[in-house]
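Trainee: Checked Swiss-Prot, it gives:
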type     : residues                                                      : note
ACT_SITE : Cys237                                                        : active site, nucleophile
ACT_SITE : His320                                                        : active site
ACT_SITE : Glu322                                                        : active site
BINDING  : Ser39, Gly209, Gly211, Leu238, Gln241, Asn280, Gly282, Tyr283 : L-glutamine binding site
DOMAIN   : 164-346                                                       : domain 'Glutamine amidotransferase type-1'
REGION   : 1-160                                                         : region 'CPSase'
Amino acid sequence: MEDGSVFAGRLIGAEKIAVGEVVFTTSVVGYPQTLTDPSYKGQIITFTMPLIGNYGVSEDQLESDGIKAEGVVLFEATFPSHYKSVMSLEEWLASSGVPGVARVDTRALVQMLREHGVMMGAIGPEDPAVLMEALRKSPHYEDVVYVDMVSVKEPVLLGEGRLCIGVVDCGVKRSIVREFLKRGVRVKLVPCRRTELAFDCDALFISNGPGNPKLLDFLSAKVSEYVEYKKPLMGICLGHQVIAMALGAGIYKLKFGHRASNKPVRDIRFTGRTYITTHNHGYAVDPRGTDLKVWAVQPDDGTVEGLYHERLPILTTQWHPEASPGPQDTRWVFDKFLKLVERHGH
């Protein structure tokens, strides 16, 4: 670890060194979706659930074309038993070139991260001194623009329908695209550095993605330009942060972030209900001094989880309403946004 701490375990997966920001998730299930979520690019994931790998790996659970996390830390990688499984977790990691460490005291590691905050770390088969040297030579997570590594390179057209949603791909999850497609709209995926290619759509959506949002001035500037058209705009996770930045909000880093599929979010504007939701974010928004209004908060720490605009058709969520993994109770957010598109998108 960056502070010199060493956690020993059994190497699984690829026999190589991986460096990344060490984070943790408290999700009990959903490790295939978690590992393939592009938002984890640049990070080493620690699973607090002690048994990971119970149901193997199946193609229909993946959120991208492969594992995007840099590495995995867990307590026990179990032998899989599931009729859809095509390989074990260990086999998947090895074939993907991703290292992992099992039999780690994950409780002690997570307690340290909660107390001192997330930090850089390295895992691999080498001595601690070699891992520390690799860590020193690697760029810090907060200084790398990861979205370029997970975005499409050229526009992609998907689906059929009267309405078109332009999706700026910062590392969009497959399940988000599916939520739009199953509602009968067309999706135009565009590279994160070519946002203007989606301006001709009925609405713009800024996707989830990895890394420090403060490095994405090139994207927030395009969003600011788009806002002038007064057309519908939505963002999830990183997209929520980018839209907030474009409208003047501040961004700050959380001590250890929200990464789980059991986080409560309270809707203080539309339904008045509290929902259990899926999260994966290490940064948060401070909208004070802007025209953005808060519609959802995380009751444990008061983090802003949803924003809207009283005069413009803008709606954002910091959490993942598509879930995958996790509760599906807030998928209605997509329906709410499409109603905005029906009213304002033509």
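Cβ atoms are placed via backbone N, Cα and C, with glycine included.
Describe the structural context of these features.
Mentor: Annotation for Cys237 (active site, nucleophile): spatial neighbours Ser39, Ser207, Asn208, Gly209, Asn280, His281, Thr317, Gln318, Trp319, His320, criterion Cβ-Cβ under 8 Å with sequence separation of six or more.
Cβ-based neighbour count (10 Å, all protein chains) for Glu322 (active site) stands at 24. Secondary structure from DSSP puts Glu322 (active site) in coil.
Counting every protein chain shown, 20 other Cβ atoms lie within 10 Å of the Cβ of Tyr283 (L-glutamine binding site).
Confidence annotation: the region 'CPSase' (1-160) carries a mean pLDDT of 97 in the model.
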Trainee: Based on the record's binding annotation for L-glutamine (Ser39, Gly209, Gly211, Leu238, Gln241, Asn280, Gly282, Tyr283), what whole-number value in Å is the widest Cα to Cα distance?
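Mentor: Site span for L-glutamine, by Cα atoms: 13 Å.
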Trainee: Ten-angstrom check, please: count other Cβ atoms within 10 Å of the Cβ of Gly211 (L-glutamine binding site), all chains counted.
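Mentor: So the Cβ neighbour count for Gly211 (L-glutamine binding site) comes to 27.
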Trainee: To test your reading of the L-glutamine site: which residues beyond Ser39, Gly209, Gly211, Leu238, Gln241, Asn280, Gly282, Tyr283, same chain only, put their Cβ within 8 Å of the Cβ centroid of those residues?
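Mentor: Checked against the 8 Å cutoff, the neighbours are Asn208, Pro210, Pro213, Cys237, His281.
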